[in-house]
Amino acid sequence: MHPQNFYRYNPPNFKILANKYPSFDKFIVNKTEKIFNIDWKDPNATREFTRVLLDHDFGLKIELPEDYLCPTITLRSNYLYWLNEKLNDLGIDVNNVVKGIDIGTGASCIFPLLGVKLFKNWSFLGLDIDDSSLKFAKKNIELNSLESKISLFKNENKEKILFNYFQANQGEEKNEEVFDFCLCNPPFFNDLSETNINPKSTCTGSANELVTEGGEFIFIKKIIEESIVLKSKIKFYSSMVGRKCNLKPLLDLLKKNFGLPNSKIFTAELSQGNTHRWVMGWIVDDSFQPSSINNNKKLNNNNNNNDSNYNRNSDFLTRLERRKFYREGLMKEFNNDSSNKEEIINSLNNHFNKNKIIINDNSRETDTTGKDEKIIECKSFLNNLVNQNLDEEIEFSFRTEIKYIQNKVLSILLKPIEPPEDGNKQIINSNLFYIKKLFQSILDNIK
């Protein structure tokens, strides 16, 4: 999973979602267990989970009709972050307006909706051949008041994927518009009989979303063939690949049939839980000479966190650990002599199941207010952090009072991890958005 992906370190908390959304609560199947879950073979449960997750984590309102594809948010966001990384690596100015095309936007319109939420300068054109899908997509755009950033276009000819938009009036007058990228989650299957081969999940979706003649290989092959003609109309072409066996033949097509060098071809493996997909990107513009960058990546869930002692020191830190909050973003400092550090850690571990940490604003002394006032103060402080402007890097710190350890104060410093910068040392996209989401999760847990 991409390092900037919110869900890499903060997996969905089903208990919080169930408490907040009664419509989702009825789908929880194991409320007596420590970790809540749903029946992943129930399409109504997965559809409602997607709907409330988008609302809770991104503030997106969405309607997901039955018998249409229910998108997985972690996979889509992974793809979007990879795209943003590639655009930045290739020298495309991501601080200016970035325009993308979503091939087969679907009823959910998920890529454009997520994209404009994650990256404020992005805008989208969504293409689709299905009237009903476009109708639902339009409604989801309007529900979020994003008409100024997302537009739709009906592709009238199934045999053409990108050509129809760029050639108005049956090719008599060419559209001169240029886009920074295109993305696609192509129809996966060659036949409807292939759509229910996974016994652990249910596969919902319309025939147009799931099936195409020749499967995804032929669909992506058409995009490649059209890209050779369109050239710089789109600066960076890309597509998801659902079957690894199709990846090498598609790359060979770019290299051997159309002569693209390795420096203009990019791949990555998107790993989220037990699900693996691949993405490929390519550049056709002859005038564009990419710099030397890593063309092949694996974006997985590995966290390589070997220092978990601090993360098990309290109920609060355990919540961080449960969300897989990365070690590099949790810097531990003690306001005590180094000789007392081991004593504090041992005491914390000994009272792990009994301790209750109260988070205080760093500007206040921990012993000047009562317990109830501290909790109120904590909520007020976190609310302020949640509403912070994310235009610059911010460091956060908390002072904590730990029961059973008198006069010992643990200070926790949270800050963004190496946010990317442009040539003027301006932060262009950091994980502050996700730290805000962490604070919101803490707020949701405070009684």
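For all residues, glycine too, the Cβ spot is worked out from N, Cα and C.
Residues annotated as S-adenosyl-L-methionine binding site in TrEMBL: ARG76, GLY104, ASP128, ASN185. In three-state terms derived from DSSP, ARG76 (S-adenosyl-L-methionine binding site) belongs to a helical segment.
Sequence annotations record features per position, and here TrEMBL assigns region 'Disordered' to 294-313.
Largest Cα-Cα distance over the residues recorded as binding S-adenosyl-L-methionine, namely ARG76, GLY104, ASP128, ASN185, equals 18 Å.
When other Cβ atoms within 10 Å of the Cβ of ASN185 (S-adenosyl-L-methionine binding site) are tallied across all protein chains shown, the result is 25.
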